[in-house]
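Structure, as structure tokens:
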Amino acid sequence: FAEFDDAANLLAANPDATTISIDEPAEIPKNQHSRQQEPGREEDDELLGTDDSDKTELLAGQKKSAPFWTFEYYQTFFDVDTYQVLDRIKGSVFPVPGKNFVRLYIRSNPDLYGPFWICATLVFTIAVSGNLSNFFIHLGKPTYHYVPEFRKVSIAATTIYAYAWLVPLALWGFLMWRNSKVMNIVSYSFLEIVCVYGYSLFIYIPTAILWIIPQKVVRWVLVMFSLCLSGSVLVMTFWPAVRDDNRRIALATVGTIVLLHALLAVGCLAYFFDAPELDFPAPVIPAHNVSTVVTKSR
């Protein structure tokens with residue numbers, strides 16, 4: 001009891017002193033234990049993208065969705081800022097092995113703003129660059145008369161937008177069908193797949209500008225480089241979704257994704273830039289009747 005009396009005397013002398021009760025839980029060891037686990041957990045969350053993305057996904061699921069016939073429903077698809085769009089573009093141009101593009105950049109807030117404007121910019125870039133390339137190739141030929149081909153804009157728009165929407169639709173339907181067969185397959189929403197395909201096409205915008213260079217070797221090197229970058233984004237995104245399926249089906253799915261992506265790039269290069277040269281006929285000069293006068297000298 002002498003110790004309690006001493007404690008009471010100390011509190012009476014210093015009322016502002018803090019006291020520790022033996023009934024209170026010790027928080028310091030817990031904090032130290034959590035600090036020891038933070039480095040390893042941060043590495044796992046950074047690799048898998050399961051820290052912030054999962055939290056935002058749960059919070060997004062608690063939001064009330066507006067009816068599809070209202071303007072607010074479609075406004076959510078374009079609710080992104082400049083930093084998010086630039087971050088997703090950077091992630092599509094500089095893919096990191098082992099990181100899922102959907103989980104790191106898309107799943108928290110999938111958008112259609114970036115894919116729409118990327119496709120629109122790519123359409124006009126390919127059409128304008130294709131016309132300039134054709135002009136520079138035939139520049140200096142006396143038989144060539146430059147005529148701008150505006151139909152290339154409509155052809156490029158049909159090709160690119162059909163690829164950016166129909167291929168994701170088919171892939172989404174296939175993944176949904178395989179998900180009903182195999183329970184371990186990772187499922188992506190249709191909006192997430194469209195977002196991945198849209199951002200993966202960004203690398204072709206600067207590539208299409210460089211395709212103006214009238215050297216076939218340079219063009220094919222550029223298309224192979226761009227194909228490797230954008231194709232790796234698609235492979236690293238969709239391989240985890242099908243790797244638990246049948247081995248042949250998984251490889252065939254990823255191979256089809258890469259093949260269609262390669263056909264788009266090679267087809268645009270072959271049609272808009274490496275079109276076969278046409279033999280322009282020489283202009284026909286109409287012959288005029290020339291009357292010759294012959295004078296006889298006597």
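Placement of Cβ uses the backbone N, Cα and C atoms for every residue, glycine included.
Unlike curated entries, TrEMBL annotations are predicted automatically.
The region 'Disordered' annotation in TrEMBL covers 15-52.
Per TrEMBL, the feature compositional bias 'Acidic residues' maps to 41-51.
According to TrEMBL, the feature domain 'Yip1' maps to 93-265.
The annotation transmembrane segment is assigned in TrEMBL to 112-133 (among others).
The annotation transmembrane segment is assigned in TrEMBL to 153-177 (among others). Cβ atoms under 8 Å from those of the transmembrane segment (153-177) belong to residues 115, 119, 122-124, 126-127, 130, 185, 187-190, 193-194, 196-198, 201, 238, 241-242, 253, 257, 260, 264, 267-268, 271-272 of the same chain, restricted to positions at least 6 beyond its ends.
Marked as transmembrane segment by TrEMBL: 189-214 (among others).
Annotated transmembrane segment per TrEMBL: 220-242 (among others), in sequence order.
The transmembrane segment feature in TrEMBL is assigned to 249-273 (among others). Cβ atoms under 8 Å from those of the transmembrane segment (249-273) belong to residues 126-127, 129-130, 133, 152, 155-156, 159-160, 163, 167, 171, 174, 178, 200, 204, 208, 211, 219-220, 223, 226-227, 230-231, 234-235, 238-239, 242-243 of the same chain, restricted to positions at least 6 beyond its ends.
Cβ atoms under 8 Å from those of the transmembrane segment (112-133) belong to residues 77-78, 80, 85, 88-89, 148-149, 152-153, 156-157, 160-161, 164, 191, 194-195, 197-199, 201-202, 204-205, 208-209, 211-212, 214, 268, 272-273 of the same chain, restricted to positions at least 6 beyond its ends. Residues 91-93, 95, 97-102, 171, 175, 178, 185-188, 196-197, 199-201, 203-204, 207, 210-211, 249-250, 253-254, 257-258, 261-262, 265-266, 269 of the same chain, all 6+ positions outside the transmembrane segment (220-242), place their C-beta atoms under 8 angstroms from a C-beta of that stretch.
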